[in-house]
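Inspection log for the structure reproduced underneath, given as structure tokens.
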Amino acid sequence: MESPVRLSLLYVVLASLLLPGRSVFINRERANNVLQRIRRANSFFEEIKKGNLERECVEEICSFEEAREVFEDNEKTTEFWNKYEDGDQCESSPCQNQGECRDGLGSYTCTCTEGFEGKNCELFVRKLCSLDNGDCDQFCREEQNSVVCSCAKGYFLGNDGKSCLSTAPFPCGKTNKGRAKRSVALNTSNSEPDPEDLMPDADILYPTESPSELLNLNKTEPEANSDDVIRIVGGQECKRGECPWQALLFSDEETDGFCGGTILNEFYILTAAHCLHQAKRFKVRVGDLNTEQEDGGEMVHEVDMIIKHNKFQRDTYDFDIAMLRLKTPITFRENVAPACLPQKDWAEATLMTQKTGIVSGFGRTHEKGRQSKVLKMMEVPYVDRNTCRLSTSFSITQNMFCAGYDAKQEDACQGDSGGPHVTRFKDTYFVTGIVSWGEGCARKGKYGIYTKVTAFLKWIDRSMKARVGPTSETPRLTHPPY
């Protein structure tokens with residue numbers, strides 16, 4: 001009896017739905033009362049199935065935990081959830097200047113490219129010296145949150161306030177290989193001077209050995225074998241114009257030269273103080289590429305004045321620096337030009353944080369070998385100060401730095417002492433060191449030790465200003481105070 005009644009009621013409902021003007025659709029609540037279904041997420045079988053994004057979060061509204069079951073990764077889940085919960089905040093591409101947008105809940109984050117900052121990377125970052133050297137060609141310093149560029153002596157600042165230009169035919173710090181003309185500048189930096197006694201004793205010292213070896217203390221002769229290491233020997237030949245600042249100190253007895261030097265301007269040569277103990281009288285040759293051949297580019301200059309640092313220590317090689325004033329000025333040309341002197345702060349922050357510097361000279365090709373007849377150059381990496389200190393039992397003072405290879409058989413050797421260590425920055429070479437000493441030549445685990453030029457820039461400058469007036473007949477040894 002009950003069944004026919006239910007059927008009758010169903011017919012009435014259906015008939016009423018089909019009457020004209022009545023909708024064939026009913027709302028969700030009424031429909032659920034008519035056709036009920038079990039939601040899959042609540043069933044036992046659904047819970048044990050692996051998460052499915054479409055089933056969990058598209059067909060149904062899901063929770064963060066359900067989305068996490070699908071991605072099984074917090075970062076990916078968060079990235080999806082931020083968009084799922086309130087839409088993609090990055091859809092409008094709010095980040096400017098190629099910034100990368102990351103969506104968040106009700107917000108977004110921009111990761112800006114170098115040189116931009118701000119919420120939307122809309123702000124241009126001021127380029128200070130730590131970023132691309134402030135776009136300066138040479139020296140850079142910061143002043144009132146802005147960059148001030150300047151140039152080495154012999155250059156002037158361009159109209160852009162960044163570039164360094166020169167009208168000199170051979171400016172300092174420029175290699176002249178393949179160039180018809182280049183220029184030089186009387187390069188100076190910050191430095192100081194003073195005088196001292198006549199040249200001390202004329203003991204013959206052996207450059208680039210350790211201080212104690214020079215004094216015959218704990219002297220050990222290296223074993224001669226076929227594996228003798230090669231240093232600037234292991235380097236490459238300097239072609240014409242590649243090492244124009246190289247000078248060679250030689251005596252009548254040592255025509256091949258006993259030490260090197262760096263041309264700073266037409267009158268001054270930078271060298272090592274310990275070189276002054278190897279000959280009572282010597283001359284300076286510039287423009288030489290091969291000591292056995294003359295090509296017309298060599299020039300010999302007599303020394304008018306010798307300026308040695310009065311704190312030079314012969315037992316430790318601390319303050320190993322000296323200046324030579326020439327009687328006649330150097331004529332600069334393709335193969336003869338000075339290296340630039342840097343500014344102290346800029347050099348220590350920028351130059352000496354470069355990966356490598358360059359040394360050159362006529363030094364021995366092996367630890368116990370002969371002097372090289374040709375001028376050689378070699379790129380040597382700067383060595384961390386702590387690493388260098390741990391490599392030797394000798395003192396590495398604040399006036400020294402280390403460069404070279406731990407195992408590679410290349411180094412500076414005897415005869416290279418006093419020679420240039422220069423560092424390149426934007427095609428300009430600046431003096432950064434003086435070849436001073438080392439334990440043997442290119443021994444494994446040992447590095448070359450160099451006088452740190454930035455520690456003496458004021459001394460150098462004042463030394464070059466110390467002597468005014470006509471030259472004297474005999475060389476004089478003066479001594480600027482530090």
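Easy rule for this one: first residue shown is 1, then count along the chain.
Glycine is no exception: its Cβ is also placed from the backbone N, Cα and C atoms.
Computed from a predicted structure; not experimentally measured.
The recorded disulfide partner of Cys259, taken from Swiss-Prot and restricted to Cys243, Cys275, is Cys275. Of the listed cysteines (Cys121, Cys129), only Cys129 is recorded by Swiss-Prot as the disulfide partner of Cys140. It is 14 Å from the Cα atom of Cys151 (disulfide bond) to that of Cys129 (disulfide bond).
Across all of the domain 'EGF-like 2' (125-165), the predicted model scores a mean pLDDT of 93.
Among the disulfide-bonded residues Cys95, Cys136, Cys388, the residue whose Cβ has the fewest other Cβ atoms within 10 Å is Cys388. Compared over the disulfide-bonded residues Cys62, Cys90, Cys110, Cys129, Cys243, the count of CB atoms lying within 10 A of a residue's CB peaks at Cys243. Most Cβ neighbours within 10 Å among the disulfide-bonded residues Cys57, Cys259, Cys275: this distinction goes to Cys259. Within 10 Å of Cys129 (disulfide bond), judged by CA to CA distance, lie the following recorded positions from the set Glu65, Glu72, Cys121, Cys136, Cys149, Cys243: Cys136, Cys149.
Each residue contributes its Cα atom, and for Cys112 (disulfide bond) and Cys95 (disulfide bond) these two points are 8 Å apart. Each of the disulfide-bonded residues Cys101, Cys238 was scored by the other Cβ atoms within 10 Å of its Cβ; the lowest score goes to Cys101.
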